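Participant: Here it is, the structure, as structure tokens.
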Amino acid sequence: MSLFDTINAGGAELLGFAWPTVWAVVRILVVSVVILLCVAYLILWERKLIGWMHVRLGPNRVGPGGLLQPIADVLKLLLKEVIQPSAASRWLYLIAPVMTVVPAFAVWAVIPFQAEAVLANVNAGLLYAMAISSIGVYAVILAGWASNSKYAFLGAMRAAAQMVSYEISMGFALVLVLMTAGSLNLSEIVGSQQHGFFAGHGVNFLSWNWLPLLPAFVVYFISGIAETNRHPFDVVEGESEIVAGHMIDYSGMAFALFFLAEYINMIVISALAATLFLGGWDAPFEFLSFIPGIFWLVLKVFALLSVFIWVRATFPRYRYDQIMRLGWKVFLPVTVVWVIVVGFWMMSPLNIWVK
């Protein structure tokens, strides 16, 4: 019996009919607190890593080695006044930052941390994740419109166009995973990557989806960078053009919520990429399978997040027309062609996904 089964059985015996509700609330709170801590130290890791790439030290004054810098940043933002422009639509202006964070948290309901460790093990988990992660752009549009500022509105329109341009390519990449796994359940998708010739010989990482679906994996991850408005796709908030885009009139914690959502979405994209293409909680080699699965998932997510940061420190910002061209003229045709190729592959005698 696993730890979760033991807790569940003990709680049901202690609290009776009220236990399912209490257990659900406890799991949601635990996951939410862990995500907030991860965001805080992801920001510190980003500043440290970029500092090292620039041959600097990065934050190193608050606490030992700068470990308390995230706490100092949060306290600073909490103490700042939330200023509202006189021409803004009051309630919409205040609701928009909250609307960016809620979908970012909601996606975690279906992401499995290891076998049987998931908030909601639903059969349509992949569809839910795709749908709920697309809602955040509406908050960006709302923020740009409610601010009643030309720069904010321009940033919001850029965000809408960018989301539409890359959401389709991401969707086709996920269709490929659905075709090969035969399920929308994220736990079953991880399970489908644990079979095959290489997995049977103990080399698990060669059985993961990243190898046969490599174009889809690359398109999904780069599209994820664009979806989160990260560098080099950050024309939505391009400092040299429109200062801060849709966030230009926000301050204090309202401003911080936009960045909180951005970093949560970075972790979501990395967690989904690890789950769909990198075997989720599966160990790369069979002889390492004694290590808890959540360790491997965290390691894969950390590696992908480091790629996010490396891309920011390395590449120049794309022009707006270059971003649109990449989405429509490169990624979309590549994913459509690969869907057709994999379809014929699965119908041929060389099908490697036979269950």
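Going from the start of the chain as shown, residues are counted 1 onward.
Any Cβ shown, glycine's included, is placed from N, Cα and C.
If you look up Swiss-Prot, you'll see 25-45, 91-111, 126-146, 170-190, 205-225, 253-273, 290-310, 330-350 marked as transmembrane segment.
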Participant: Restricting to the same chain and to residues at least six past its boundaries, which positions have a Cβ under 8 Å from a Cβ of the transmembrane segment (205-225)?
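Facilitator: Same-chain residues near the transmembrane segment (205-225) but 6 or more away: 166-167, 169-170, 172-174, 176-177, 180, 193-199, 233, 269-270, 272-273, 276-279, 282, 284-285, 304, 307-308, 311, 327, 331, 334-335, 338, 342, 352.
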Participant: When only pairs 6 or more apart in sequence are counted, do the transmembrane segment (253-273) and the transmembrane segment (330-350) reach 3 or more Cβ pairs under 8 Å?
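Facilitator: Answer no: the transmembrane segment (253-273) and the transmembrane segment (330-350) share fewer than 3 Cβ pairs below 8 Å.
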Participant: Which sequence positions outside the transmembrane segment (91-111), separated from its termini by at least 6 residues, show Cβ-Cβ distances below 8 Å to it?
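Facilitator: Same-chain residues near the transmembrane segment (91-111) but 6 or more away: 31-32, 35, 84-85, 118-122, 125-126, 128-129, 132-133, 135-136, 138-140, 142-143, 145-147, 186, 249-250, 253-255, 257-258, 260-261, 264-265, 268, 271-272, 275.
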Participant: For the transmembrane segment (330-350), name the stretch out of 25-45, 170-190, 290-310 with the most CB-CB pairs under 8 Å.
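Facilitator: When the Cβ pairs under 8 Å are tallied, 170-190 comes out ahead.
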Participant: Residues sitting near the transmembrane segment (170-190): Cβ under 8 Å, six or more positions beyond its termini, same chain?
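Facilitator: For the transmembrane segment (170-190), the list is 110-112, 115-116, 118, 121-127, 129-130, 209, 212-213, 216-217, 219-220, 223-224, 227, 275-277, 279-282, 332, 335-336, 338-339, 342-343, 346, 353, 355.
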